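Working notes for the structure below.
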Amino acid sequence: MTQSTSSAAVGPLPEAVRALAEADFSAVAGRFSAAGYTVAQPADGILTIKRPGAPARASVLVSVGVHGDETGPIEVVAHLLDALSHEANALAVDLMLCVGNIGAIRAGKRFIDADLNRMFRAERGTLAGTAEAARADVMMAATTAFFDGAGPVRWHLDLHTAIRPSVYPTFAIVPELIEAGARGQLVDWLGAAGIGAIIMNPQSAGTYSYYSAEHHGAAGTTVELGRVGTLGQNDIGQFAEAAQALDALLHGVGPASAGRSPHIFNTAQQIIKLSDRFQMAFGRDTQNFTALPRGAEIARDGDTVYTVQHDEEYVVFPNPDVRVGLRAGLMVVRAS
Ligand SMILES: [Zn+2]
């Protein structure tokens with residue numbers, strides 16, 4: 001497929017993509033409902049599909065569009081769910097689908113007032129009155145209802161695309177607190193999905209997937225699937241492996257154990273912005289997983305100077321422009 005950087009007119013969006021981007025579930029909901037599932041829309045942008053009388057099924061939460069400008073996963077899931085709804089009986093798990101920041105998607109923006117993926121915690125400080133705080137409350141209530149009474153097998157795949165280039169084009173953040181067995185299965189799935197690197201995270205940054213892991217016992221992960229693109233113009237080919245792995249999961253097919261193993265990284269330090277004096281030693285356009293040597297300055301903030309503590313640390317998500325109190329970057333090291 002040829003890529004064009006011009007603003008040449010593109011055709012209309014495929015109907016399934018348009019519908020999901022607008023959180024219009026009517027077509028797929030109707031098909032699953034007709035196949036005997038219990039289908040509900042507990043809130044705007046949230047769809048649950050459960051098989052009545054089948055309590056042993058795995059419960060899978062798939063979220064897209066938590067950042068409104070990350071449209072690739074919306075396209076992927078739209079096509080996948082549309083196809084699955086035409087063979088509805090093949091759905092082998094209880095599914096909750098969540099289209100995250102509906103307002104921002106509509107506006108073609110990353111967020112309306114503030115980053116939604118920092119709101120999944122009690123402490124919101126000055127962000128308490130934002131549109132995203134209210135949306136996170138709705139999403140958490142629906143998530144609680146979905147996992148309440150669910151069986152022990154619980155997944156949450158929160159699908160994103162990265163906003164900057166990365167040494168590993170696809171990578172995932174996995175909370176360390178996930179029980180070892182479930183975490184191993186999640187890592188296997190991420191390998192099957194073609195994810196190149198996994199960061200083990202010991203501490204919540206207020207993300208949706210960490211919330212599901214911490215409060216609902218889900219094997220939750222934030223997955224970065226390639227680059228941000230415009231809805232309808234994404235190079236869907238870059239998401240093929242992830243789409244295939246997600247499709248298999250929804251069909252109840254486990255990942256082949258002989259799949260590729262992602263590189264595993266542990267978190268070395270979180271770089272927290274303490275004040276408005278915060279200055280990072282490099283810009284927010286720095287590639288994810290850029291290596292820095294021992295002793296190198298990462299940032300300074302008044303009397304606090306963050307430096308590299310290991311022989312080599314890699315920087316992920318550098319962003320000096322976050323609000324005071326939030327994470328301005330993550331430093332990771334290779335695990336063994
Ligand atoms: Zn994102």
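Each residue, glycine too, has its Cβ placed from N, Cα and C.
Features of the protein shown, as given by TrEMBL:
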ACT_SITE  Glu224  active site
BINDING   His67, Glu70, His160  Zn(2+) binding site
DOMAIN    59-248  domain 'Succinylglutamate desuccinylase/Aspartoacylase catalytic'
DOMAIN    261-334  domain 'AstE/AspA barrel-sandwich hybrid'
Next item on the list: Give me the non-local Cβ neighbours of His67 (Zn(2+) binding site): same chain, 6+ apart in sequence, Cβ-Cβ under 8 Å, ordered along the sequence.
Entry: Gly100, Asn101, Ala104, Arg110, Phe111, Asp115, Leu116, Asn117, His160
Item checked: Counts of helix, strand and coil residues, the domain 'AstE/AspA barrel-sandwich hybrid' (261-334), according to DSSP -> 0 helix, 39 strand, 35 coil
Check: At the level of the C-alpha atoms, what whole-angstrom distance separates Glu70 (Zn(2+) binding site) and the residue listed as 'active site'?
Finding: 10
Check: Per-residue pLDDT averaged over the domain 'Succinylglutamate desuccinylase/Aspartoacylase catalytic' (59-248) comes to what?
Finding: 94
Notebook entry, point to check: Using DSSP and three states only, what is Glu224 (active site)?
Noted result: strand
Notebook entry, point to check: When DSSP states are folded down to helix, strand and coil, where does His67 (Zn(2+) binding site) land?
Noted result: coil
Notebook entry, point to check: In the same chain, outside His67, Glu70, His160, whose C-beta lies within 8 angstroms of the Cβ mean position for the Zn(2+) site?
Noted result: Gly65, Val66, Gly68, Asp69, Pro73, Arg110, Asn117, Leu159, Thr161, Ile163, Glu224, Val228
Margin query: Just to confirm: which same-chain residues, 6+ apart in sequence, have a Cβ under 8 Å from the Cβ of the residue listed as 'active site'?
Written below: His160, Thr161, Ala162, Ser166, Thr170, Phe171, Ala172
Checklist line | Where His160 (Zn(2+) binding site) falls in three-state DSSP terms | finding: strand
